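Note sheet for the following structure.
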Amino acid sequence: MKWELFFQLLINGLIVGMLYGVVAMCFVLIYKSTQVVNFAQGEFLVLGAWVCLALVTNMQLPFFLAFIFTLIFMVAFGIIVQTVILRPLIGEPIISVIMVTIGLSIFMQALMNWIFGNDAKRFPDVFGTTDVINIAGLNVEVAYLLSLVLSVVIMAVFFWFFRFTRHGLAMRATAFDQQIAQSLGISVKQTFAMAWAISAMVSGVAGIVIGIVNSVSNSLAFVGIKVFPAVILGGLDSIVGAVVGGIIVGVLENLAEFADGQYLHLGNLYTIAPFYVLIIILMIKPYGLFGTKDIERI
Amino acid sequence: MSYVPNPRPAGDFRTTYKDDNRLFKTHFETRSALVLLAVVIVAAPFIGNYWLTQLILIGIYAIAAIGLNILVGTTGQISLGHAAFFGFGAFASAWLANSFGVPVLIAMPAAAVLTTAVGMIFGVPAARIKGLYLAIATLASQFILTDFFSRADWFSGGVYGALAERPSIFGFAFDSDLRYFYLVMFWLVVTAVAVTNLLRSRDGRAFVAVRDHYLSAEVMGVNLTKYRILSFGISSFFAGLAGALFGHYLEYVSVEGFTILLSIQFLAMIIIGGLGSVYGAILGAAFILLLPQVMESLTTMAAYVFPAMESGKSYVKQMSIGAAIILFLIFEPEGLIHRWQQIRASWKLFPFSR
């Protein structure tokens, strides 16, 4: 029984970790291409989930259509945030940039609380997601499998986009060196806007998935905070690192819960464990597993 | 940073270094500071309980904000965990007073010293990392410390919180708001003078050097590790002091009071007030404390016209803080103090300022 629970939690951790990985990827995307740390990533996620839910329940749209509209909305939202709030701050010190996204985050939190209410709401059962199927003796909800598949798809699309498309190449060039990219005829402004648009859109998707798996509430924004251990673990500017870090944090969380429940009985260990890991990582290997090391020359 | 002319009166030549380093640059500044202080002290009994409470809270938050300003504004390190240190001070003071019977007036600075130690421990990562990484590390310290508060029953009373009695000395109890206000004012003045003093000393200049260009600072012989950790320590000291004052003012310290939102509010105070300025921190504290209340009364008025606004009161408060941070960063990144300097400069240069 004990080991069954262990594997169950391991699987859960893996699946939740994949979702963290997706959100961490969005975070890294913005950081890498625009040098902005987005503290409002969690709110982006919640916004996507709420908008989709509102379209499905209030406007009675079919889920697929609502999903598409949400994507379009999130793209527009990302572009607006970038142009209105972050463009004036290009070249300002890092603390201003951090603070402006924090300001955005608490603004969005309050606004969403107001508009969508404080209660958690469930998506109507679209795919029979509460069914449970049995894989090798372990019970896995369909919703979890769905989110796993979707995470893999998103990651594959990211890989394809950055490796094989023109815009992806332009974004990598901008991330590498803005001046060189500009002199090669890449519009840095457009690239920045695109980075935010993609990031907002993918976070929206992640939000919808998490919303289907659990339920939609403003506390989902906590995923945006959980992303920090993940990205620091993987290295702030590495997309692969984000995914790996996300999975590690997801698994770690569930293992902490296992250890807590079976042996330690401290209670609530799983929410705090990633942050201890974060501090330790920062002390011994601040650039993470895959991050590029800054070498400073005088 | 845009140039603000800060003209001295004619005949003020500053012939020695000592003159150049004075606490107040001109006699006018000295007098206006004293007059302002005197007005606040004399007026306090007549302004009514509501405003007295506001002033006490402004004073407490201002102490914490001045502390944070040393870290963020002067040394250029970012801390997202200031509320946790503020809370630690509150719990530590209550703990010292309740468990060891330390008189509250002594427990407050003692709690601040304890907080300094904790701040320095959490500042150790700052010796190696900076900027964004540091922001995230301090975010972690915020969560770890608040988790500690809810766990450590022996220290904080766990989920029940801790009682904190009002201080008294030789039978004179600071039991009314007015008396407590004078206590807070005392600590605020001490803090403001101490920090202004610190900033013009060698250590203060070392902090600025670390902020402006840490490599050059190191080449000039500033020990980066020492000053980064020291800056964390000093800022935590004032956070702890303010926290202790806060706890004993409310007479009850609860675990829920020291969330990340409060940390953000502290940061908002110094950004809105003006990074690196002591007066700015006080102005910012007043702004952040009064803004939600102004917004609340505006919403109440708006609710007569649009009844839908009524339900959004508490949300509008939080939104206004977020919006204030964003708008200030975009339109006035140097804060209220910069505006004030501009006004003063244009007044002084009157015929030539426009």
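Keep in mind that glycine also has a Cβ here, set from the backbone N, Cα and C atoms.
All annotation found in TrEMBL is predicted automatically rather than curated by experts.
Per TrEMBL, these features apply:
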type: TRANSMEM; residues: A:6-30; note: transmembrane segment
type: TRANSMEM; residues: A:37-57; note: transmembrane segment
type: TRANSMEM; residues: A:63-86; note: transmembrane segment
type: TRANSMEM; residues: A:93-116; note: transmembrane segment
type: TRANSMEM; residues: A:142-162; note: transmembrane segment
type: TRANSMEM; residues: A:192-215; note: transmembrane segment
type: TRANSMEM; residues: A:227-251; note: transmembrane segment
type: TRANSMEM; residues: A:263-284; note: transmembrane segment
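As a quick check, the transmembrane segment (A:93-116) and the transmembrane segment (A:37-57) clear the bar of 3 or more Cβ pairs under 8 A, pairs 6 or more apart, so the two touch.
Counting Cβ pairs under 8 Å to the transmembrane segment (A:227-251), the stretch among A:6-30, A:37-57, A:63-86 with the most such contacts is A:6-30. When the stretches A:6-30, A:37-57, A:63-86, A:192-215, A:263-284 are ranked by Cβ pairs under 8 Å to the transmembrane segment (A:142-162), first place goes to A:6-30. By the Cβ criterion (distance under 8 Å, sequence gap of 6 or more), the transmembrane segment (A:6-30) is counted as touching the transmembrane segment (A:192-215), at least 3 such pairs being found. Among the recorded stretches A:37-57, A:192-215, A:263-284, the one sharing the largest number of Cβ pairs closer than 8 Å with the transmembrane segment (A:63-86) is A:192-215.
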